[in-house]
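Over in Swiss-Prot, the protein carries these features:
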BINDING   HIS120, HIS124, HIS130  Zn(2+) binding site
Amino acid sequence: MTVEIANESGVDVDELRLLDLARYVLDRMRIHPLAELSILLVDEGEMAVLHERWMDEPGPTDVLSFPMDELRPGRLDVEIDPDAEPAVLGDVVLCPAVAKQQARHAGHSTQDELELLTVHGILHLLGYDHAEEDAEREMFALQSELLTAWRADRRIAGRPGRKR
């Protein structure tokens, strides 16, 4: 999987953790190994511009997802086609400044919030949504499950702890 990250936000972020998390989620969701994903971290001004342009909403938001090729999660009982063409999953745009505010309210670190938003953004790229109550329950449960499993796997593997 090709996952690229660009931090244009001016905020110090543990980009390697976000890359590791994104790859983990794509693997767990059985997305073809040649799929491409881009993660962009921007400041509040840029996020406000994107939010208004694409969602017709004022002010910055925490995460925006821009799907490209229509990829969906694979099934565990079906092998991944090794001859399939690579596809671009899309872009996830994160705003660390907004994440910092949300993290303060949630009682955890900005990095924890950015990790949650990374999973959230990827799930949107895969077609998950939270416009309806049932869909929200499904998406948020999957989001929590993926994040919890990734953190547990990192602890078992002895990878470094969270950056605060």
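Keep in mind that glycine also has a Cβ here, set from the backbone N, Cα and C atoms.
Since this is a predicted model, take the numbers as computed values, not measurements.
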Q. What number of additional C-beta atoms lies within 10 angstroms of the C-beta atom of HIS124 (Zn(2+) binding site)?
A. 19
Q | Shell of the Zn(2+) site beyond HIS120, HIS124, HIS130, same chain only (C-beta within 8 angstroms of their C-beta centre) | A | VAL63, SER65, GLY121, LEU123, TYR128, ASP129, MET139, GLN143
Q.
So, three-state DSSP: helix, strand or coil for HIS124 (Zn(2+) binding site)?
A. helix
Q) With every protein chain in view, how many other Cβ atoms are within 10 Å of the Cβ of HIS130 (Zn(2+) binding site)? A) 16
Q. Where does HIS130 (Zn(2+) binding site) sit in DSSP terms: helix, strand, or coil?
A. coil
Q. When a 10 Å sphere is centred on the Cβ of HIS120 (Zn(2+) binding site), how many other Cβ atoms does it contain?
A. 21
